[in-house]
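Undergrad: I have a structure I would like to understand better, so I am pasting it below and will then ask my questions one at a time.
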Amino acid sequence: MSIDLSGLASYGVFLLTLAAIYGVVSLALNVQWGMTGLFNIGIAGFYAIGAYCAAIVTTPPSPSHLGGLGLPFGVGLLVAMAVSGLVAFLVGLLTLKLREDYLAIATIGISEIIRLVLKNEDWIGNGVRGIAGIARPLSANPLVYLAVVLLVLAATYLAVERARKSPWGRVLRALRENELGAQAAGKNIYRFRMEAFVLGSMIMGLGGALYAHFIGFVSPEAFEPVFATFLVWVMLIAGGSGNNKGAVLGAFVIWLVWSGTELLTNQLPADYVTQGSALRVLLIGVLLQVILLRRPEGLLPEERPHVGASPASSAEAEDEA
Amino acid sequence: MSELLLDMQSLIGGYGGNDILKGASLTVAHNEIVVIVGPNGAGKSTLMKSAFGLVKIRQGAVVFQGESITNMRPDLVVRRGMSFVPQEKNVFPSLTVQENLEMGAYLRKDGGAARQMERIFEIFPRLKERRKQAAGSMSGGERQMVAMGRALMLDPKLILLDEPTAGLSPLFIEQTFERIVEINKLGIGVLMVEQNAKQALEIAHRGYVLAMGRNRFEDTGAGLLANREIAEMFLGG
Amino acid sequence: MDVTDLLQLAIYGVVLGSILTLGAIGVSLLFGILRFSNFAHGDIMTLGAYAAFAVVSILHTPVWLALPVGMIAGALVAVAADQLVYRRLRRTQPVILLISSFGMALIIRSLVQLIWGPQDRSFIKGIDMPMHFGDLMVSPQQLWILGGTIVIVIAVHLFLTRTRMGKAMRAMSDNMDLARVTGIDAEKVIIWTWALGGALAAAAGVFLALDTRLTPMMGWSALLPIFAAAILGGFGKPYGAIVGGMIIGVASEMSTAVLPPAYKPATAFAVMVIMLVVRPNGLLGARR
């Protein structure tokens, strides 16, 4: 019995740690989508950059991949953020002036290319074999690492929340709501969107680095790229995009739902177990549609300054047949 | 049954809870040309569009041929015999002239589209010459012909024209007004908003002067033209 | 690498270009009318391919007979997705539709995986002998793909220029507001556009599976080059999609002369990015 309990406890710690890492990434997406309206579906790409940077910077030197540099945990996090931010800057340079669909397509493209490069260029990250032996900071004890992740999550939350309430955050919201009006007010839309895109991507990289240290191993297929991206989107929308508390809450709720579906599919007859993951994806996909249709504002709707009904929405509302 | 084709009474409404019409009224009798003139922002286009379900009416009623069409969807209004020619972007640019006209007859199920197209080609011979040309590649005046032709394809009882001469050269303006008279002679009522108020009132049976979303004057075309006060205030002396 | 090799790659490029074209026409048509990029398009391809595969494996028909069944399946799924979800979201921002279609992509893909399993499948058992033309090789499947694409593209052209519904689609794509005041039944046209786009995607999926293999990921992997083709042709311009599809197809295959084949999608992406920077309205698009 006691063995079961400790098994359950360690499963709990495992779940919470991953939920908290997703919380960081969900906050990052909230900066881009919730606050600014930038449609990034290449989250997995920035996440992977962060994970590989952490691996290369902190592991001991190895002939099978770039580095390792054997540097401390904190340095790995900073490099992960810097490189993700740099890639985001380049993507933004090419696409942020274009229509939102183009940014979306470009972000799929960039994350696909990142995956291809990591898979095919063995010298960077040892190809499909990946990089192993990424140590946790301070201690191998999962509880200690959970504390570290929660600390990073709290710091990220405070920083992002502060940004949201700042004049900078208010400009972002103005841009999102009524682009032309804000432009007329003399704001440089492009610069603000670029800043939000880069900041969000840096935090995604941070999330990837935390993940690498938690699992101890990275490979191009270690996390399903499309699905990782999708799950974060569901988290943010479910929690309430535009609301940072919602972003974190959504990450925990959806991660628990997602993990819960695993318990369910494990009950399936053995023949169907291989299909379990497809069934789980199906459930989450349907859940997203239901949220979009029934409660598009999420669990914790965005707090808006009171300005009355927005004219655009009421003008549109007339002829639903 | 009412003698009136269109009867709009004491309309209050606008876009997004913002009232532009503040009690305006207007009628069009069968076979009549009616012009709405007035200063910018008077609600001229808004009043006309409110007949077509394009403006949210909060109070008042729109009756067309004895039937209430207040806030009715545009595609349903079209079915009842009213057509609308918007001021801008009033043709399908990548479609040919003939295809534009065919789209005008989209709702027509009686097979009369071909006959009606021939009638329209009689009014606008230019369109027949250019029937295979993409509407987007035509001049502003020609596009206006395509747009009016399209609106006539369902053989409507009433046609609404939003500034049909805007942006046209003086020659084309003259021609456009001539065509409008021709259309009217086919037994079609015309309601239009016009900036070239003088010329429009010359062909109109009646006219309305609108200001601040309310009726200001109402008279025959000639009567409005003869009115000094109106001439000074709205017709540029 | 000599001229023959390059010509051979160009032939493969035209075959790939045919597949991309069929996908890109649908993406472009849907964008023209609904103003959103359908991220589920690739997975409708996958579903169409598997539906045709089911017909072939159960009824043992030739692939070309199963193709219409796959196309009908693709059309039905596209219309169902619209009626169940997208239609209700149309009043909101277009970006919400993007997210929804992204979720729809995963729903369709997981359904395919649940029904047919995660393993690879193939239309062709054994190895088909390629035909030789001098030093150049073409497989019978590739000729089928090319011929099938030509027939389908001509059919789409006739539909768009000769039928009332096809003209209404072009009219809606030109000017939605004017279409409404003209009396065009927008909802009906939208449903038909989904049906057409879904059917074309399914055809592209069947052809892609003929050229390679069936996998649950096949459509999603093709989505990026298809979007690249649609953007290259100018989003919302179905005829541009043909040009875009061919350019992306040929460029992707030719790139294997200098790059590892794994980087084909990267080539498509690079061409697209250059295009977006140089001519954001597409090759044929000067307007808007």
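Keep in mind that glycine also has a Cβ here, set from the backbone N, Cα and C atoms.
All TrEMBL annotations are machine predictions without curation.
What TrEMBL shows for this protein is this:
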REGION    A:302-321  region 'Disordered'
TRANSMEM  A:12-31  transmembrane segment
TRANSMEM  A:38-57  transmembrane segment
TRANSMEM  A:69-95  transmembrane segment
TRANSMEM  A:102-118  transmembrane segment
TRANSMEM  A:138-160  transmembrane segment
TRANSMEM  A:196-216  transmembrane segment
TRANSMEM  A:277-294  transmembrane segment
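Any idea what these are sitting next to in the structure?
TA: Residues 25, 28-29, 32, 65-69, 71, 75-77, 79-81, 83-84, 87-88, 91, 96, 100-101, 103-104, 106-115, 118, 124-125, 131, 134, 193, 196-197, 200-201, 204-213, 218, 220, 222-226, 228-229, 232-233 of the same chain lie 6+ residues outside the transmembrane segment (A:38-57) yet bring a C-beta within less than 8 angstroms of a C-beta in it.
Proximity of distant same-chain residues to the transmembrane segment (A:69-95), defined by a Cβ-Cβ separation under 8 Å and at least 6 residues beyond the stretch ends, is recorded for 42, 45-46, 49-51, 53-61, 102-103, 106-107, 110, 114, 137, 152, 193-194, 197-206, 208-210, 213.
Tertiary neighbourhood of the transmembrane segment (A:102-118): same-chain residues 38-46, 48-49, 52, 87, 91, 94-96, 124-125, 127, 220, 225, 229, selected by CB-CB distance under 8 Å and a gap of 6+ residues from either end.
Outside the transmembrane segment (A:138-160) by six or more residues, the chain places 10, 13-14, 16-17, 20-21, 23-24, 27-28, 30-31, 77, 203, 206, 210, 213-214, 244, 248 with a CB less than 8 A from a CB of the stretch.
Note on the transmembrane segment (A:196-216): residues 17-18, 21-22, 24-25, 27-32, 35-36, 38, 40, 43, 46-55, 58, 73, 76-77, 80-85, 87-89, 91-92, 96, 132-137, 145, 149, 152, 156, 160, 163, 172, 222-223 of its chain, located 6 or more positions outside it, place their CB under 8 angstroms from a CB of the stretch.
Sequence-distant contacts of the transmembrane segment (A:277-294) (same chain, at least 6 residues past either end, Cβ-Cβ under 8 Å): 227, 230-231, 233-234, 237-238, 254, 257-258, 261-262, 265, 268.
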